[in-house]
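Undergrad: As annotated by Swiss-Prot, disulfide bond applies to Cys24-Cys42, Cys35-Cys63, Cys48-Cys52, Cys67-Cys79, Cys80-Cys85. The signal peptide annotation in Swiss-Prot covers 1-21 and rests on similarity to another entry.
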Amino acid sequence: MKTLLLTLVVVTIVCLDLGYTRRCFITPDVRSERCPPGQEVCYTKTWCDGFCGSRGKRVDLGCAATCPTPKKKDIKIICCSKDNCNTFPKWP
């Protein structure tokens, strides 16, 4: 009986994965944080605003449940699903 109970506990722990959550870089501080439960996708969103010529592209890093869809054609979104895979872009 104890063996059956122990087996059930182990199977439950393996199936629940002990509440693992993805880690992604988050802006504005560009630091690694745990994503909220259910958000397993990291994303990097880049776009130009009115100051793009003097300051460069804007960058937004974060977590999402699914890869966000760009609302405008000049917005670029890259998604990934490994811990801290959405590093700040390197500009040429």
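Quick reminder: no glycine exception, Cβ is built from N, Cα and C everywhere.
Could you tell me the structural context for the features on the list?
TA: Proximity of Cys42 (disulfide bond) to non-local residues of its own chain (separation of 6 or more, Cβ distance below 8 Å) is seen for Arg22, Cys24, Phe25, Cys35, Leu61, Gly62, Cys63, Cys79, Cys80, Ser81, Lys82, Asn84, Cys85, Asn86, given in sequence order.
The 10 Å shell around the Cβ of Cys63 (disulfide bond) contains 21 further Cβ atoms across the protein chains shown.
Its Cβ taken as reference, Cys52 (disulfide bond) is surrounded by 12 other Cβ atoms within 10 Å in the chains shown.
In this view, Cys80 (disulfide bond) is surrounded by 16 other Cβ atoms within 10 Å of its Cβ, with every protein chain counted.
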Undergrad: Drop a 10 Å sphere on every Cβ of the disulfide-bonded residues Cys24, Cys48 and tell me which sphere holds the fewest other Cβ atoms.
TA: Cys48
Undergrad: Please determine which of the disulfide-bonded residues listed here (Cys35, Cys79) has the lowest count of neighbouring CB atoms within 10 Å.
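TA: Per-residue Cβ counts within 10 Å for the disulfide-bonded residues Cys35, Cys79 bottom out at Cys79.
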Undergrad: List every residue in the same chain as Cys67 (disulfide bond), at least 6 positions away in sequence, whose Cβ is under 8 Å from its Cβ.
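TA: Listed in sequence order: Val41, Tyr43, Ile77, Cys79.
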Undergrad: Looking only at DSSP and grouping its letters into three states, which state does Cys52 (disulfide bond) belong to?
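TA: Once the DSSP labels are grouped into three classes, Cys52 (disulfide bond) ends up as helix.
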